[in-house]
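These features come from TrEMBL:
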ACT_SITE  D280  active site, proton acceptor
BINDING   G161, R224, G225, G249, D250, G251, T252  ATP binding site
BINDING   D250  Mg(2+) binding site
BINDING   T278, I279, D280, M323, G324, R325, E379, Y436, M437, I438, R439  substrate binding site
COMPBIAS  14-29  compositional bias 'Low complexity'
DOMAIN    155-460  domain 'Phosphofructokinase'
REGION    1-29  region 'Disordered'
SITE      G251  site 'Important for substrate specificity'
Amino acid sequence: MDLITKKSSSTHTNSDPVAFSSSSSPTSKNSFTVSSTSALSCANMYPSFNSRSLSSKNLTASKFQPKIVKGDGGYVLEDVPHFTDYISADDDLRTYPNPLQDNPAYAVVKQYFVDVDDTVAQQTVQTRTSERGIHFRRAGPREKVYFESDEVHACIVTCGGLCPGLNTVIREIVCGLYHMYGATRILGIEGGYRGFYARNTVPLTPKVVNDIHKRGGTILGTSRGGHDTSKIVDSIQDRGINQVYIIGGDGTQKGASVIYEEIKRRGLKVAVVGIPKTIDNDIAIIDRSFGFDTAVEEAQRAINAAHVESESIENGVGLVKLMGRHSGFIAMYATLASRDVDCCLIPESPFYLEGPGGLFEYMEKRLKENGHMVIVIAEGAGQEMLTESMRSMDQQDASGNKLLQDVGLWISQRIKDHFKRRHKMVINLKYIDPTYMIRAVPSNASDNVYCTLLAQSAVHGAMAGYTGFIVGPVNGRHAYIPFYRVTEKQNNVVITDRMWARLLSSTHQPSFSSLNDIVEEKEDEKQEPATTTKNNLPNGLQNGGYLKFNPISLNRIV
């Protein structure tokens, strides 16, 4: 596609295109108001960023000032910052017609631009009496942009660990700026945040990035830590950069939020955009993170190898350790997809090894029944069971993440020791850790398409003057989400949800609870035997009481 060389005529405006009002759209049926008290209460609800979560001592806490817009029927828009929030029209803040309207590739599109009133609901399941709830601004191209094509000077940086799809995001940001908006000055910052003040950069063009989506890793290199807010913003200002695209996980996005706050304090016309990356899929609010589908697909290969090994030998046990420091999504979905797993252990569902209902008892049962079994364990599972001498309680990596011990090696040895004491049952255990093989592969077709949409949505947002946000799908629609909403907490597997119940039904594993709970429950059963009414309900339930939930029997319920 030819570059867009036609320069759009500029039009000066001092109106705020992003603030909802009763007259914001001729077709708008609802009136919207910005509530300062709502912003204050939201600021109390979502605490400020804690600088100690990143390693740099120079990183100071940022004070979030949420933009809250309220409308009829309980409608709440958690809006994202815009240039007009802190740059006045007197400072030469101009708007220009969007070059997409002259782009022949988009001539067939029925609706060029996203309407100013378009938002995406956080919750889709509602009742007739439900309030409309929280919404986010819909992603996409706007009719007016705040940069001319030859004015754009963008940069891209990747931080944290590797993840399938990093190169695809880089490629599509570059191609989106070039082919959709005619912006040709794009820098790649090498080596993560340190690259900003280490002067490590590489010019990026469509030719340079043409085939990088076929490779794993990131062509820009990456690192953990190295965040020095003043040095980074000084570098951005000195280089004349006005669009910053930051690709990384929750720690990286906390750093991006602090960069935005400093840029806002200096009054710079610089858009800061985050593209959330975590292979664990633990970013809050968004439907899923890029690279997750590829990780699940690759994890199945390791599970299949463990299954082949285990069933090819007497009492074979295949143990596979997968990613998941705090969230077991990869382990859960790979288990459901493979259907060859007998037990899946994740951080959200505590388990124990010995005693009635423990892992060892379950393993003995499965080996007697099938002669082999496959266990999948997430890297963050069972950490509380490691002895204090083996744990690294106070040690952190450069990104501020707690260092974890290898639970796979630990539990492998515990299994071997247990069955060694039982001379009647000899096992053959094979331990597989495919972590770095999964992280380093290129993204699959699904993630490639997803990364393209993420990158283009990020470009549209930056060109439209939005800043201080991350982009991601919410209920299937891409939206612009304030930084604080994705850094306040992590997404976790809900073990009382149907998806975990489906896993228990597939593997037939027990839903582990503590050994003390089981002992206490058995003692209660001896002292107070259950009786039933004519409706076959336990005592107390017919009087408005609640049936006591026994997690150990959940596999029999589902």
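Note: Cβ is positioned from N, Cα and C throughout, glycine not excepted.
As the structure is a computational prediction, the values presented were derived from the model and not from experiment.
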Whole-number Å value for how far G324 (substrate binding site) lies from T252 (ATP binding site) (Cα to Cα): 18
Of the recorded positions listed as T278, D280, G324, M437, the one whose CA lies nearest the CA of R224 (ATP binding site): T278
Shortest C-alpha distance to T278 (substrate binding site) - which of the binding-site residues G161, G225, G249, D250, G251: G249
Cα separation, R439 (substrate binding site) to G251 (ATP binding site) (Å, whole number): 18
Candidate nearest G161 (ATP binding site) in space, where candidates are the recorded positions D280, G324, E379, M437, R439 and distance is Cα-Cα: R439
Largest inter-residue Cα distance among G161, R224, G225, G249, D250, G251, T252 [record-listed ATP binders, Å]: 12
Length of the line joining the Cα atoms of G249 (ATP binding site) and G324 (substrate binding site), in Å: 13
Candidates G225, D250, D280 (recorded positions) - the one closest to G324 (substrate binding site) by CA: D280
Binding-site residues compared (R224, R439) - highest count of Cβ atoms within 10 Å: R224
Maximum Cα-Cα separation in Å among residues T278, I279, D280, M323, G324, R325, E379, Y436, M437, I438, R439, which the record lists as binding substrate: 17
